[in-house]
Amino acid sequence: MAVALHALFIFISFISLACGRHTIAATNPRRFATKLIHRNSPLSPFYKHNASSYYKDANGDVVLKNSLSRYAYLSAKQRNPYSSNKIRTTQFPDGNVFLAKLSIGTPPFDVYAVMDTGSDVFWIQCKPCEDCYSQIDPIYDRTKSSTYVPFSCNSSTCSFLPEARRDCDRDNKCLYHLQYDDGDTSSGYLASEVLTFNSSGSISKIPDVAFGCGVRNTHKIHDHEAGILSLSDGDLSLVNQLAGPEKRKFSYCFGNLTDPTTEGNLIIGEGSYIAGDETPLERDYFFYLTLIDISVGDKRLQIPPIYFERKPSRVGGVIIDSGTTLTYLSSGAYLPLEAGLKEQLEIFQRKLVQDPTFDRRTCFEGRIGRDLAGFPLVTFHFQGDADLVLEKWSQFQQVSEEVFCLAFYMSPDELNVIGNMAQQSYNFGFDLVNNVLTFEDIDCSII
(Lines of atoms letter the chains of each structure in order from A and count residues from 1; the text may use other names and numbers.)
(Lines give C-alpha, C1' and ligand atoms only; values in the text may rest on other atoms or scores of the structure.)
Protein backbone atom coordinates (compact mmCIF):
# COMPACT_ATOMS: atom_id res chain seq x y z
CA MET A 1 0.00 0.00 0.00
CA ALA A 2 1.30 3.49 0.72
CA VAL A 3 4.49 4.66 -0.77
CA ALA A 4 6.12 2.83 -3.69
CA LEU A 5 7.40 4.59 -6.63
CA HIS A 6 4.99 4.24 -9.47
CA ALA A 7 3.62 0.95 -8.48
CA LEU A 8 2.49 -0.49 -11.70
CA PHE A 9 -1.21 -0.79 -12.13
CA ILE A 10 -3.07 -2.55 -14.87
CA PHE A 11 -6.37 -1.74 -16.48
CA ILE A 12 -7.42 -5.24 -17.43
CA SER A 13 -9.26 -6.12 -20.62
CA PHE A 14 -9.11 -9.88 -20.69
CA ILE A 15 -8.31 -11.25 -24.11
CA SER A 16 -8.49 -14.99 -23.53
CA LEU A 17 -9.07 -17.32 -20.61
CA ALA A 18 -9.64 -21.01 -20.06
CA CYS A 19 -11.65 -21.52 -16.92
CA GLY A 20 -11.51 -23.96 -14.03
CA ARG A 21 -11.06 -24.20 -10.30
CA HIS A 22 -8.04 -22.47 -8.83
CA THR A 23 -4.96 -24.56 -8.14
CA ILE A 24 -5.70 -24.80 -4.43
CA ALA A 25 -8.72 -26.91 -5.33
CA ALA A 26 -7.77 -28.39 -8.70
CA THR A 27 -4.88 -28.77 -11.14
CA ASN A 28 -6.36 -28.00 -14.56
CA PRO A 29 -4.04 -25.63 -16.43
CA ARG A 30 -5.50 -22.36 -17.65
CA ARG A 31 -4.42 -19.22 -19.46
CA PHE A 32 -5.53 -15.62 -19.61
CA ALA A 33 -4.23 -12.43 -21.12
CA THR A 34 -4.88 -8.78 -20.36
CA LYS A 35 -4.16 -5.43 -21.90
CA LEU A 36 -2.16 -2.98 -19.81
CA ILE A 37 -3.27 0.60 -20.33
CA HIS A 38 -1.48 3.69 -19.04
CA ARG A 39 -3.52 5.64 -16.50
CA ASN A 40 -3.12 8.88 -18.51
CA SER A 41 -4.15 7.17 -21.74
CA PRO A 42 -7.36 8.47 -23.35
CA LEU A 43 -8.53 4.84 -23.05
CA SER A 44 -8.25 4.99 -19.28
CA PRO A 45 -11.39 5.75 -17.23
CA PHE A 46 -9.24 8.09 -15.14
CA TYR A 47 -7.81 10.03 -18.09
CA LYS A 48 -6.80 13.57 -17.17
CA HIS A 49 -7.33 16.18 -19.85
CA ASN A 50 -4.96 18.60 -18.13
CA ALA A 51 -1.65 17.60 -19.75
CA SER A 52 0.23 20.22 -17.70
CA SER A 53 -0.11 17.95 -14.68
CA TYR A 54 2.17 15.32 -16.25
CA TYR A 55 5.45 16.25 -14.60
CA LYS A 56 3.87 16.92 -11.21
CA ASP A 57 1.92 13.68 -11.20
CA ALA A 58 4.51 11.38 -12.71
CA ASN A 59 7.84 12.74 -11.62
CA GLY A 60 7.51 14.98 -8.59
CA ASP A 61 8.68 14.70 -5.02
CA VAL A 62 6.27 11.81 -4.40
CA VAL A 63 8.14 9.60 -6.87
CA LEU A 64 11.36 9.22 -4.93
CA LYS A 65 9.70 9.13 -1.52
CA ASN A 66 7.41 6.35 -2.73
CA SER A 67 10.29 4.45 -4.22
CA LEU A 68 12.33 4.66 -1.03
CA SER A 69 9.43 3.29 0.98
CA ARG A 70 8.94 0.46 -1.52
CA TYR A 71 12.66 -0.34 -1.24
CA ALA A 72 12.40 -0.33 2.56
CA TYR A 73 9.62 -2.91 2.29
CA LEU A 74 11.61 -5.14 -0.08
CA SER A 75 14.68 -5.00 2.13
CA ALA A 76 12.73 -5.70 5.33
CA LYS A 77 10.75 -8.50 3.69
CA GLN A 78 13.95 -10.10 2.41
CA ARG A 79 15.23 -10.37 5.97
CA ASN A 80 12.03 -11.95 7.28
CA PRO A 81 9.82 -13.07 4.40
CA TYR A 82 7.30 -15.33 6.08
CA SER A 83 7.09 -14.88 9.83
CA SER A 84 6.53 -11.12 9.92
CA ASN A 85 3.09 -9.69 9.29
CA LYS A 86 4.60 -6.56 7.75
CA ILE A 87 4.52 -7.65 4.16
CA ARG A 88 4.93 -4.73 1.78
CA THR A 89 4.56 -1.06 1.06
CA THR A 90 3.34 0.58 -2.06
CA GLN A 91 1.39 3.65 -3.08
CA PHE A 92 -1.23 4.36 -5.69
CA PRO A 93 0.22 7.50 -7.32
CA ASP A 94 -1.00 9.52 -10.30
CA GLY A 95 1.30 9.44 -13.32
CA ASN A 96 3.24 6.63 -15.03
CA VAL A 97 1.08 3.80 -13.72
CA PHE A 98 -1.11 1.13 -15.22
CA LEU A 99 -4.60 0.36 -13.98
CA ALA A 100 -6.14 -3.05 -13.45
CA LYS A 101 -9.83 -3.62 -13.92
CA LEU A 102 -11.38 -6.93 -12.98
CA SER A 103 -14.83 -8.12 -11.96
CA ILE A 104 -15.58 -10.13 -8.84
CA GLY A 105 -18.68 -11.83 -7.50
CA THR A 106 -22.12 -12.71 -8.84
CA PRO A 107 -23.38 -10.49 -10.33
CA PRO A 108 -19.94 -9.23 -11.48
CA PHE A 109 -18.70 -6.12 -9.71
CA ASP A 110 -15.89 -4.03 -11.26
CA VAL A 111 -12.84 -3.18 -9.13
CA TYR A 112 -9.36 -1.77 -9.84
CA ALA A 113 -6.27 -3.47 -8.42
CA VAL A 114 -2.48 -3.10 -8.42
CA MET A 115 -0.34 -5.63 -10.30
CA ASP A 116 2.49 -6.63 -7.98
CA THR A 117 5.16 -9.31 -8.35
CA GLY A 118 6.12 -8.69 -4.72
CA SER A 119 2.77 -9.52 -3.13
CA ASP A 120 1.45 -12.98 -2.28
CA VAL A 121 -2.18 -12.23 -1.36
CA PHE A 122 -4.87 -11.03 -3.79
CA TRP A 123 -7.17 -8.75 -1.79
CA ILE A 124 -9.74 -6.00 -2.25
CA GLN A 125 -11.85 -3.80 0.02
CA CYS A 126 -15.17 -5.35 1.01
CA LYS A 127 -18.47 -4.14 2.40
CA PRO A 128 -19.94 -4.24 4.94
CA CYS A 129 -16.86 -2.37 6.18
CA GLU A 130 -15.81 -2.19 9.77
CA ASP A 131 -13.23 0.47 8.96
CA CYS A 132 -12.45 1.07 5.26
CA TYR A 133 -10.55 3.91 3.67
CA SER A 134 -12.44 6.37 1.50
CA GLN A 135 -12.44 4.72 -1.92
CA ILE A 136 -13.83 6.96 -4.66
CA ASP A 137 -15.34 4.12 -6.67
CA PRO A 138 -18.04 1.87 -5.14
CA ILE A 139 -16.77 -0.90 -2.85
CA TYR A 140 -17.53 -4.58 -3.51
CA ASP A 141 -20.29 -5.82 -1.18
CA ARG A 142 -19.88 -9.48 -0.25
CA THR A 143 -23.47 -9.70 1.03
CA LYS A 144 -24.78 -8.94 -2.47
CA SER A 145 -22.80 -11.72 -4.15
CA SER A 146 -24.31 -15.21 -4.36
CA THR A 147 -20.88 -16.82 -4.86
CA TYR A 148 -18.99 -15.35 -1.90
CA VAL A 149 -17.86 -18.14 0.46
CA PRO A 150 -15.53 -17.55 3.44
CA PHE A 151 -12.95 -20.21 4.29
CA SER A 152 -13.04 -21.91 7.68
CA CYS A 153 -10.03 -21.86 9.97
CA ASN A 154 -9.44 -25.58 9.53
CA SER A 155 -9.43 -25.38 5.72
CA SER A 156 -6.22 -26.14 3.85
CA THR A 157 -6.49 -22.75 2.11
CA CYS A 158 -6.40 -20.91 5.43
CA SER A 159 -3.19 -22.76 6.30
CA PHE A 160 -1.46 -21.13 3.32
CA LEU A 161 -1.36 -17.90 5.32
CA PRO A 162 1.65 -17.70 7.69
CA GLU A 163 0.64 -18.04 11.33
CA ALA A 164 1.54 -14.42 12.08
CA ARG A 165 -0.90 -13.26 9.40
CA ARG A 166 -3.97 -15.42 10.13
CA ASP A 167 -6.56 -15.75 12.86
CA CYS A 168 -10.06 -17.11 13.50
CA ASP A 169 -13.25 -15.31 14.41
CA ARG A 170 -15.89 -16.67 16.80
CA ASP A 171 -17.61 -18.42 13.88
CA ASN A 172 -14.39 -20.25 12.91
CA LYS A 173 -13.94 -18.12 9.79
CA CYS A 174 -10.38 -17.63 8.53
CA LEU A 175 -9.06 -14.10 9.00
CA TYR A 176 -6.00 -12.52 7.34
CA HIS A 177 -3.92 -9.61 8.64
CA LEU A 178 -1.52 -7.53 6.53
CA GLN A 179 0.44 -4.67 8.06
CA TYR A 180 2.51 -2.41 5.87
CA ASP A 181 5.78 -0.73 6.79
CA ASP A 182 4.23 2.76 6.65
CA GLY A 183 1.44 1.80 9.07
CA ASP A 184 -1.26 1.08 6.49
CA THR A 185 -3.14 -2.18 6.99
CA SER A 186 -5.58 -4.59 5.43
CA SER A 187 -7.41 -7.32 7.31
CA GLY A 188 -10.58 -9.29 6.88
CA TYR A 189 -11.86 -12.65 5.69
CA LEU A 190 -10.05 -15.13 3.48
CA ALA A 191 -12.76 -16.21 1.08
CA SER A 192 -13.45 -17.56 -2.40
CA GLU A 193 -15.25 -15.81 -5.22
CA VAL A 194 -15.89 -15.87 -8.94
CA LEU A 195 -13.71 -13.64 -11.12
CA THR A 196 -15.26 -12.50 -14.39
CA PHE A 197 -13.32 -11.19 -17.36
CA ASN A 198 -14.94 -9.47 -20.32
CA SER A 199 -13.02 -9.02 -23.57
CA SER A 200 -14.78 -7.68 -26.64
CA GLY A 201 -18.07 -9.06 -25.44
CA SER A 202 -16.68 -12.52 -24.66
CA ILE A 203 -17.27 -13.31 -20.99
CA SER A 204 -15.19 -15.83 -19.07
CA LYS A 205 -15.51 -16.80 -15.42
CA ILE A 206 -13.17 -18.45 -12.90
CA PRO A 207 -14.90 -19.94 -9.85
CA ASP A 208 -13.40 -20.46 -6.40
CA VAL A 209 -10.58 -17.92 -6.51
CA ALA A 210 -9.14 -17.36 -3.03
CA PHE A 211 -8.85 -13.70 -2.05
CA GLY A 212 -8.66 -11.41 0.95
CA CYS A 213 -11.94 -9.64 1.61
CA GLY A 214 -10.66 -6.55 3.44
CA VAL A 215 -13.15 -5.10 5.92
CA ARG A 216 -10.59 -3.15 8.01
CA ASN A 217 -8.21 -1.18 5.84
CA THR A 218 -6.19 1.99 6.22
CA HIS A 219 -4.72 3.76 3.22
CA LYS A 220 -3.22 7.26 3.22
CA ILE A 221 -3.91 7.91 -0.46
CA HIS A 222 -7.66 7.60 -1.03
CA ASP A 223 -8.35 6.90 -4.70
CA HIS A 224 -10.03 4.54 -7.13
CA GLU A 225 -7.81 1.51 -6.48
CA ALA A 226 -9.41 -1.25 -4.45
CA GLY A 227 -6.60 -3.71 -3.70
CA ILE A 228 -3.68 -5.84 -4.88
CA LEU A 229 -3.40 -8.25 -7.82
CA SER A 230 -0.67 -10.60 -6.59
CA LEU A 231 1.86 -12.23 -8.93
CA SER A 232 4.44 -13.64 -6.52
CA ASP A 233 5.21 -17.33 -6.12
CA GLY A 234 3.06 -17.68 -2.99
CA ASP A 235 0.29 -20.26 -2.70
CA LEU A 236 -2.40 -17.55 -2.73
CA SER A 237 -0.89 -15.64 -5.65
CA LEU A 238 -3.07 -15.47 -8.74
CA VAL A 239 -0.24 -17.06 -10.74
CA ASN A 240 -0.53 -20.27 -8.73
CA GLN A 241 -4.32 -20.13 -8.57
CA LEU A 242 -4.94 -19.52 -12.27
CA ALA A 243 -2.07 -21.17 -14.10
CA GLY A 244 -2.01 -24.66 -12.56
CA PRO A 245 1.06 -26.42 -11.12
CA GLU A 246 2.47 -27.53 -14.49
CA LYS A 247 1.86 -24.19 -16.19
CA ARG A 248 3.14 -21.75 -13.60
CA LYS A 249 4.25 -19.11 -16.04
CA PHE A 250 3.38 -15.51 -16.63
CA SER A 251 4.66 -12.67 -18.77
CA TYR A 252 4.15 -8.95 -18.90
CA CYS A 253 5.13 -6.16 -21.24
CA PHE A 254 4.86 -2.54 -20.08
CA GLY A 255 5.55 -0.61 -23.27
CA ASN A 256 6.98 2.92 -23.11
CA LEU A 257 6.25 4.45 -19.70
CA THR A 258 6.83 7.98 -21.01
CA ASP A 259 4.04 7.64 -23.58
CA PRO A 260 0.56 7.89 -22.01
CA THR A 261 -0.98 6.15 -25.03
CA THR A 262 1.17 3.06 -24.67
CA GLU A 263 -0.42 -0.34 -24.18
CA GLY A 264 1.06 -3.46 -22.67
CA ASN A 265 -0.18 -6.87 -21.66
CA LEU A 266 -0.14 -9.52 -18.95
CA ILE A 267 -0.47 -13.23 -19.69
CA ILE A 268 -0.75 -15.97 -17.04
CA GLY A 269 -0.48 -19.71 -17.66
CA GLU A 270 -0.47 -21.38 -21.07
CA GLY A 271 0.51 -19.00 -23.84
CA SER A 272 2.69 -16.78 -21.65
CA TYR A 273 5.29 -15.15 -23.89
CA ILE A 274 8.52 -16.89 -22.85
CA ALA A 275 11.10 -15.79 -25.44
CA GLY A 276 14.31 -13.83 -25.91
CA ASP A 277 17.42 -13.78 -23.72
CA GLU A 278 17.26 -16.33 -20.93
CA THR A 279 18.75 -16.16 -17.44
CA PRO A 280 18.31 -18.33 -14.33
CA LEU A 281 15.58 -17.28 -11.93
CA GLU A 282 15.77 -18.00 -8.21
CA ARG A 283 12.49 -18.00 -6.30
CA ASP A 284 12.65 -17.11 -2.63
CA TYR A 285 9.52 -15.04 -2.01
CA PHE A 286 10.94 -12.50 -4.51
CA PHE A 287 12.37 -13.22 -7.97
CA TYR A 288 16.19 -13.17 -7.86
CA LEU A 289 18.56 -12.78 -10.82
CA THR A 290 22.33 -13.18 -11.23
CA LEU A 291 23.77 -9.86 -12.45
CA ILE A 292 27.36 -10.14 -13.71
CA ASP A 293 28.32 -6.57 -14.66
CA ILE A 294 27.09 -3.26 -16.14
CA SER A 295 28.31 -1.37 -19.21
CA VAL A 296 28.01 2.26 -20.25
CA GLY A 297 28.34 2.31 -23.99
CA ASP A 298 31.10 -0.15 -24.90
CA LYS A 299 32.86 0.19 -21.53
CA ARG A 300 32.39 -2.58 -18.98
CA LEU A 301 32.47 -1.13 -15.47
CA GLN A 302 34.12 -4.26 -14.00
CA ILE A 303 32.00 -4.19 -10.87
CA PRO A 304 33.12 -6.84 -8.34
CA PRO A 305 30.54 -9.68 -8.12
CA ILE A 306 30.30 -9.27 -4.33
CA TYR A 307 28.04 -6.24 -4.83
CA PHE A 308 25.44 -8.36 -6.67
CA GLU A 309 25.60 -11.56 -4.61
CA ARG A 310 23.29 -12.75 -1.85
CA LYS A 311 25.12 -13.16 1.40
CA PRO A 312 25.01 -16.31 3.58
CA SER A 313 22.57 -14.36 5.77
CA ARG A 314 20.34 -14.22 2.62
CA VAL A 315 20.45 -10.42 2.36
CA GLY A 316 21.59 -8.60 -0.75
CA GLY A 317 21.37 -9.99 -4.26
CA VAL A 318 19.40 -8.69 -7.25
CA ILE A 319 15.61 -8.88 -7.60
CA ILE A 320 13.26 -7.79 -10.36
CA ASP A 321 10.14 -6.00 -9.11
CA SER A 322 7.12 -4.61 -10.94
CA GLY A 323 6.22 -2.24 -8.09
CA THR A 324 9.45 -0.20 -7.94
CA THR A 325 10.04 2.54 -10.51
CA LEU A 326 13.72 3.39 -10.06
CA THR A 327 16.51 0.82 -10.21
CA TYR A 328 18.38 0.50 -6.91
CA LEU A 329 22.03 -0.51 -6.84
CA SER A 330 24.35 -1.09 -3.89
CA SER A 331 27.03 1.55 -3.50
CA GLY A 332 29.75 -0.56 -5.13
CA ALA A 333 27.65 -0.80 -8.30
CA TYR A 334 25.88 2.55 -8.25
CA LEU A 335 28.94 4.81 -7.91
CA PRO A 336 30.78 3.43 -10.98
CA LEU A 337 27.56 3.67 -13.01
CA GLU A 338 26.93 7.23 -11.85
CA ALA A 339 30.52 8.18 -12.75
CA GLY A 340 30.19 6.62 -16.20
CA LEU A 341 26.94 8.46 -16.91
CA LYS A 342 28.34 11.76 -15.67
CA GLU A 343 31.30 11.35 -18.00
CA GLN A 344 29.00 10.85 -20.96
CA LEU A 345 26.72 13.72 -19.94
CA GLU A 346 29.72 16.06 -19.91
CA ILE A 347 30.30 15.12 -23.55
CA PHE A 348 26.67 16.02 -24.21
CA GLN A 349 27.27 19.34 -22.39
CA ARG A 350 24.66 18.72 -19.73
CA LYS A 351 25.09 20.79 -16.57
CA LEU A 352 24.77 19.12 -13.16
CA VAL A 353 21.95 20.79 -11.20
CA GLN A 354 20.23 20.38 -7.87
CA ASP A 355 17.33 17.96 -7.80
CA PRO A 356 14.18 20.16 -7.79
CA THR A 357 12.18 17.48 -5.98
CA PHE A 358 14.68 15.76 -3.66
CA ASP A 359 18.25 16.81 -2.89
CA ARG A 360 19.78 13.31 -3.05
CA ARG A 361 19.16 12.52 -6.71
CA THR A 362 21.72 13.17 -9.45
CA CYS A 363 20.11 15.60 -11.91
CA PHE A 364 21.03 17.57 -15.01
CA GLU A 365 19.75 20.51 -16.96
CA GLY A 366 17.91 19.70 -20.16
CA ARG A 367 15.30 17.49 -21.76
CA ILE A 368 15.85 13.83 -22.50
CA GLY A 369 14.22 13.84 -25.92
CA ARG A 370 15.79 17.08 -27.10
CA ASP A 371 19.30 16.95 -25.62
CA LEU A 372 20.29 13.27 -25.47
CA ALA A 373 19.95 12.13 -29.07
CA GLY A 374 22.46 9.34 -29.63
CA PHE A 375 23.25 8.91 -25.92
CA PRO A 376 25.14 5.66 -25.19
CA LEU A 377 23.25 2.62 -24.03
CA VAL A 378 23.53 1.11 -20.55
CA THR A 379 23.65 -2.69 -20.50
CA PHE A 380 22.97 -4.99 -17.56
CA HIS A 381 24.80 -8.28 -18.16
CA PHE A 382 23.05 -11.26 -16.57
CA GLN A 383 24.12 -14.87 -16.25
CA GLY A 384 23.61 -16.84 -19.46
CA ASP A 385 24.81 -14.02 -21.76
CA ALA A 386 21.48 -12.28 -21.26
CA ASP A 387 21.81 -8.53 -21.82
CA LEU A 388 19.17 -6.03 -20.71
CA VAL A 389 19.89 -2.95 -22.82
CA LEU A 390 18.59 0.40 -21.55
CA GLU A 391 18.17 3.36 -23.86
CA LYS A 392 17.96 6.95 -22.60
CA TRP A 393 14.30 6.82 -21.51
CA SER A 394 15.17 3.94 -19.18
CA GLN A 395 18.30 5.64 -17.84
CA PHE A 396 16.80 9.02 -16.99
CA GLN A 397 13.56 10.49 -15.67
CA GLN A 398 12.26 13.92 -16.67
CA VAL A 399 11.28 15.52 -13.36
CA SER A 400 10.44 19.00 -14.66
CA GLU A 401 10.31 20.82 -17.97
CA GLU A 402 14.08 21.43 -18.02
CA VAL A 403 15.54 18.99 -15.48
CA PHE A 404 16.09 15.25 -15.74
CA CYS A 405 17.56 12.88 -13.13
CA LEU A 406 19.13 9.45 -13.14
CA ALA A 407 16.60 6.61 -13.03
CA PHE A 408 19.08 4.81 -10.74
CA TYR A 409 19.48 5.31 -7.02
CA MET A 410 22.04 4.14 -4.48
CA SER A 411 20.57 1.46 -2.24
CA PRO A 412 20.44 2.21 1.49
CA ASP A 413 21.78 -1.31 2.04
CA GLU A 414 22.94 -4.32 -0.01
CA LEU A 415 19.77 -5.21 -1.95
CA ASN A 416 19.69 -4.41 -5.69
CA VAL A 417 16.30 -3.92 -7.38
CA ILE A 418 15.59 -3.79 -11.12
CA GLY A 419 12.70 -1.32 -11.28
CA ASN A 420 10.01 -0.87 -13.89
CA MET A 421 11.70 2.01 -15.73
CA ALA A 422 14.49 -0.40 -16.65
CA GLN A 423 11.84 -2.90 -17.75
CA GLN A 424 9.92 -0.67 -20.15
CA SER A 425 9.66 -1.70 -23.81
CA TYR A 426 10.61 -5.27 -22.88
CA ASN A 427 8.52 -8.38 -22.45
CA PHE A 428 9.50 -10.37 -19.35
CA GLY A 429 8.60 -14.04 -19.19
CA PHE A 430 8.62 -15.79 -15.80
CA ASP A 431 8.85 -19.58 -16.18
CA LEU A 432 8.34 -20.83 -12.63
CA VAL A 433 8.42 -24.47 -13.72
CA ASN A 434 11.93 -24.33 -15.21
CA ASN A 435 13.11 -21.39 -13.06
CA VAL A 436 14.15 -19.08 -15.86
CA LEU A 437 13.42 -15.48 -16.79
CA THR A 438 13.33 -14.41 -20.41
CA PHE A 439 13.24 -10.89 -21.76
CA GLU A 440 12.98 -9.41 -25.22
CA ASP A 441 12.84 -5.84 -26.54
CA ILE A 442 9.59 -5.97 -28.43
CA ASP A 443 6.49 -4.04 -29.46
CA CYS A 444 4.02 -5.13 -26.79
CA SER A 445 1.10 -4.80 -29.19
CA ILE A 446 2.24 -7.75 -31.34
CA ILE A 447 2.27 -10.27 -28.47
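Along the chain as shown, residues are numbered 1 onward.
Using the three backbone atoms N, Cα and C, a Cβ is placed for every residue, glycine included.
Per TrEMBL, the feature signal peptide maps to 1-20. Here TrEMBL flags 98-440 as domain 'Peptidase A1'. According to TrEMBL, the active site annotation covers Asp116, Asp321.
For Asp116 (active site) paired with Asp321 (active site), the C-alpha to C-alpha distance reads 8 Å. Summarising model confidence by region, the domain 'Peptidase A1' (98-440) averages a pLDDT of 90. Within 10 Å of the C-beta of Asp321 (active site) there are 25 other C-beta atoms, taking all protein chains into account. Take the CB of Asp116 (active site) and look out to 10 A: across all protein chains shown you find 25 other CB atoms.
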